[in-house]
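According to Swiss-Prot, the domain 'Flavodoxin-like' annotation covers 83-241, on the basis of sequence analysis. Annotated FMN binding site per Swiss-Prot: 89-93, 180-212, in sequence order. According to Swiss-Prot, the region 'Disordered' annotation covers 253-356. Taken from Swiss-Prot, the feature compositional bias 'Basic residues' covers 258-269. What Swiss-Prot lists as compositional bias 'Acidic residues' is 289-306. Feature annotation from Swiss-Prot assigns compositional bias 'Basic and acidic residues' to 345-356. Annotation source Swiss-Prot lists domain 'Radical SAM core' at 403-649, citing sequence analysis. Residues or ranges marked as [4Fe-4S] cluster binding site by Swiss-Prot: CYS419, CYS423, CYS426.
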Amino acid sequence: MDKSTDAWDFAYTHLMFLWLNRFYIYSCAAIGITVWVCSHFIMARKKHQNETVCNGSLLLKTKALKSDSLTSNKEQKVYVAGVKIFYGSQTGTSKGFAHLLAEEVTLLGLPVELINMKEYDPDDNLVEETTSKNICVFLVATYTDGKPPESAEWFCKWLEEASNDFRFGKTYLKGMRYAVFGLGNSVYSTHYNTVGKNIDKWLWMLSANRVMTRAEGDCNVVKSKHGSIESDFEAWKRKFLNRLKALLSGEKKPCSGKCKKGKCKSKKKSSIESVEEEEEEEEKHSEHEDTEDDTFETSSDSEPEEHGEPGSGLIDVEDLGKAMSNMKKSKREHDSNTELGKSLQGDEAKEKEEPREMITPALQEALTKQGYRLIGSHSGVKLCRWTKSMLRGRGGCYKHTFYGIESHRCMETTPSLACANKCVFCWRHHTNPVGTEWRWKMDQPEMILEEAILNHQNMIKQFKGVPGVKPERFEEGLAVKHCALSLVGEPIMYPEINTFLRLLHNQHISSFLVTNAQFPEEIRSLEPVTQLYVSVDASTKDSLKKIDRPLFKDFWQRFIDSLKALAEKQQRTVYRLTLVKAWNVDELKAYADLVALGLPDFIEVKGVTYCGESSASNLTMANVPWHEEVIRFVEELVDLLPDYEVACEHEHSNCMLIAHKKFKINGEWCTWIDYERFQELIQAFGESKGSRTFTALDYVAKTPEWALFGSRERGFDPLDKRFQRKNKTKDISGC
């Protein structure tokens, strides 16, 4: 009983203690639970933060890996493997352009291959360009009658046939990317840049893709888009390089290929065009810009959304205010552009009013290398090799033999470097410009003559103290007595030619003017000269076209009319015949008929001079007749001309003179000129305003025996000493 009571008391005591202190116990429990909850919350938060950091690090690593992967793929992706530059050149211009372009492309880090079309077989190789990822550039010139240069003939022939051969298929060159730059002269209007246009068209017909519009370089400085063919090429080259940079970056907006004529016109503005906006702004002054505003167009499958254009024409009400704002902004920009356009049109009109200079930097460089001293913007003077020869007492030119000029006192010049022909035998290297009328800036005749004499005298002064130069002839050479207007070009094209001639005669300088028989009206209006030449390079229409390569479509009628105009002249007139073996030596009867038209006082017959190998001409030494052949031709021609005889010979120049019998006075030839008498007659003509006329027989002089045909000297002046060169290289230039 006591034990159970004690146990109960013990339990009761403790329970009562707990009951009495229950508030303390609750507080401790609450504090403990709070501490546990707080610690658990803190631990959970830290764990979450750690997981977030880990996940973020993993995400960054994943993104970095993805970025590296994309970069690696991009680096491995090749958009342009290289550039192949094809050139077809006759005179070397397009070849030179090809090398210039290659240098610029190399700077972009791309491999470049220069390909002469003559050495390339398109049948075996061209199809490879459809998968090569190369850009093929074609620089090709247009030659005579719209034909390609000899080096590009086979390539063009194959390409034309392939584009029209169903066996190749219309997608034969699909995937090939190309650009074309054509070289031509707009003076030849019917054939201007024909070859470049055809190559572009034929490639397009075979589904090749243009990377930019076809461009055209113009040798005619008057109509050239940028003033010269060199400037045209430079402008195109800048555009091409910008286009190439865009292609390198992976742009996929080539020309759609739907522009059949090679003149791409974008309907929508692509992102690549921003690369070229600066160049296009610079060229808004050009008269051709309206036909070639863009260098390429967007592909046909491009979506409107790519250019920021909505797919629907509807506008939400919420966007109406923004739309109105954009419309006002567009109107302001349009008004601003309109004013700018008017200003540019005014500047363009002003530019059109100001003619361009004939001499371009490239022409200046070429002629200077050939020994020309250029005057102003269209004239030049050069020291003839016969002038140098006679200063040394080594003999004069054929004019000295035939007409008695003093070769060391003869100035060879021209007031017009331009010509209306591109003769195959021209020894001026075909560097001079061509044209059918005067459209360049014009210098005054007083300035031209003053500068011509000054430059001629300066060139003579360079011979002071040179071994072999005769002192008396050196002093005489400083005083110009004769002027050969036969240097280069067509002097009669110069609008102030009559004024120039009067200035010459006022200074007692005789005038020997040469024309190419393409300007009959100018011949009729020409004032008297000491001697007027007409080049008669062929006697039939076909051979004249082949040899002279004239610009005029009616060249033959102009030729005939020029000869008829020559017959009306009262002063000394000369036919100049240049014999080219296998070209024009078998046309004796036709030559005789031409003599009957012009009734010249004299006929000079000269064998063509071989000027060395030239890309502009296919003449060789085989085309140069021997002197004996020239003599035989002259004798056979005289047999058909009852009023003419062979008068003089200059063996050194491979030249013969046929003279009208009226110059054989009292049995003696009088082909020489009394220069003092001519000056008296021309002064009287001028003072009388043309009423006191005179004829060729009024200023003749006796021809010395050594100058006559059949003499022992064969036209070499015995007062001089014949000089034989040790080597065969010689200067072939001369009047």
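Each residue's number is its place along the chain shown, starting with 1.
Placement of Cβ uses the backbone N, Cα and C atoms for every residue, glycine included.
Where Swiss-Prot records a feature, it is marked here on the structure.
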| residue | record | Cβ neighbours (10 Å) |
| --- | --- | --- |
| SER89 | FMN binding site | 24 |
| VAL180 | FMN binding site | 28 |
| ASN185 | FMN binding site | 23 |
| THR190 | FMN binding site | 8 |
| VAL195 | FMN binding site | 25 |
| ASP200 | FMN binding site | 28 |
| MET205 | FMN binding site | 18 |
| ARG210 | FMN binding site | 23 |
| CYS419 | [4Fe-4S] cluster binding site | 25 |
| CYS423 | [4Fe-4S] cluster binding site | 20 |
>> Nearest by CA distance to CYS423 ([4Fe-4S] cluster binding site): which of the binding-site residues is it, out of ASN185, THR190, VAL195, ASP200, ARG210?
In response: ASN185
> What is the separation, in Å, between the Cα atoms of SER89 (FMN binding site) and CYS419 ([4Fe-4S] cluster binding site)?
Replying inline: 22
>> For VAL180 (FMN binding site), which of the three DSSP-derived states applies: helix, strand, or coil?
In response: strand
>> Return the average pLDDT for the domain 'Radical SAM core' (403-649) as a whole number.
In response: 89
> For CYS423 ([4Fe-4S] cluster binding site), what is the secondary structure state per DSSP, taken as helix, strand or coil?
Replying inline: coil
> Whole-number Å distance between the CA of VAL180 (FMN binding site) and the CA of CYS419 ([4Fe-4S] cluster binding site)?
Replying inline: 29
